[in-house]
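Comments concern the structure below.
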Amino acid sequence: MNGPSTPSRGGANGDLKPPKGPERPLVPYMRFSRKMWPTVRADNPEAQLWEMSKVIGQLWRECPEKEKSVFQAEYEAEKVEYDKAMKSFQQSPAYQSYIQQNKARQQQQQQAQQAQQQADRAAAQQQHHMQQAPPMPMPGMTSGHMKPIEKLHAHQMSRSRNMDMSGVVIHAVDEDDQSSEMNIRRAHYARYQRNQNMMAELFGPQSAQDMRTIVAQARVDMLRKQGQSLSGHQDKLNDELRQMDETFAAKMRDIEEKRKAFQQQLEKVEAEKPVLDDAKKQELIAKWEVKLVEEYEAYKKKEEEMAAAAAKKEEEAKNSLLASMLKSEEDDKKENEENRATPEVVKAAEVLNGKDEEMDTTTVETPASQNVEVN
């Protein structure tokens, strides 16, 4: 893993960037996703990023626990190394310097905010004091109706505001002099013009700022970061749209080329289409009639050959059967002849049979003499 780097200030507003620390190990799912990404991209070349993520998520859910345990073991082994590297990184001089600079920057921001709050409070108090100031003489009110300090304040305000914002000089009017009706009208008009100028000056943008237009620096920084993030996201979406447009244009070009090739082939087929008239028709009919007759004759010849072969085979089977039967008869005759007795043998057999009968009778009559003869 890379060692810590020196903290730097990045961005237009001078934000303090922390030094680069050790990289976190990938969790088991991200390891599985990195392994399966090329396969899923090859199987789904036209799929969007979110579609591929959905497919990989489904594969992860269907993955057996034995295979998941391999990714988990890799993650835990790298996590141990990451913890050791993180401890050494947090004790490095670059990281400690970043912590100190960050604390100092936060203190400066707090001090600036406190100063701004104090200035706002002072402006609010000043505005409150101005609202609580003694009133100016109202129409019909003479100097005799006012207290001495109020009369002095009204005289000073009248002298300081004797010129309006448009540059028209408003002359002081003696309010005690009521001898002329024209003087009274002039006094009323002067007071009205003075009050309008005072209201425009007090409530104008130069004096009282609209609180709705005040935005804190922290919010400005946050909005700036959000704008940068949205700009990056917009650029990414624009890149995806551009890629989609390029893919669509390539597909349209391919479709257009295939359409032109098909149109050319169709025109070629139309041009080469045979023209069939009556003469050609009769010629084709005669040709196929001859061909059919030849095929029929060949079929009949083949059938006759097959019938002749079958008859020959049957004749051979009959001859073979007759030969076997004749041979069997001859064998039987021969066996009978061998077993047949000659006249001499028959005569000897008869003699032997006669002797046996005499011996039987003699034995019955004189058993003792039979025994002697036998011995």
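Here the Cβ of each residue, glycine as well, is placed from N, Cα and C on the backbone.
Per TrEMBL, the features are:
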type	residues	note
COMPBIAS	100-133	compositional bias 'Low complexity'
COMPBIAS	309-318	compositional bias 'Basic and acidic residues'
COMPBIAS	327-341	compositional bias 'Basic and acidic residues'
DOMAIN	22-90	domain 'HMG box'
REGION	1-27	region 'Disordered'
REGION	97-144	region 'Disordered'
REGION	309-375	region 'Disordered'
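Outside the compositional bias 'Basic and acidic residues' (309-318), and at least 6 residues removed from its termini, no chain residue falls within Cβ reach (under 8 Å).
Sorting each residue of the domain 'HMG box' (22-90) by its DSSP state yields 56 helix, 0 strand, 13 coil. Residue counts for the compositional bias 'Basic and acidic residues' (309-318) under DSSP (helix as H, G, I; strand as E, B; rest coil) come to 10 helix, 0 strand, 0 coil.
The average pLDDT computed for the domain 'HMG box' (22-90) is 89.
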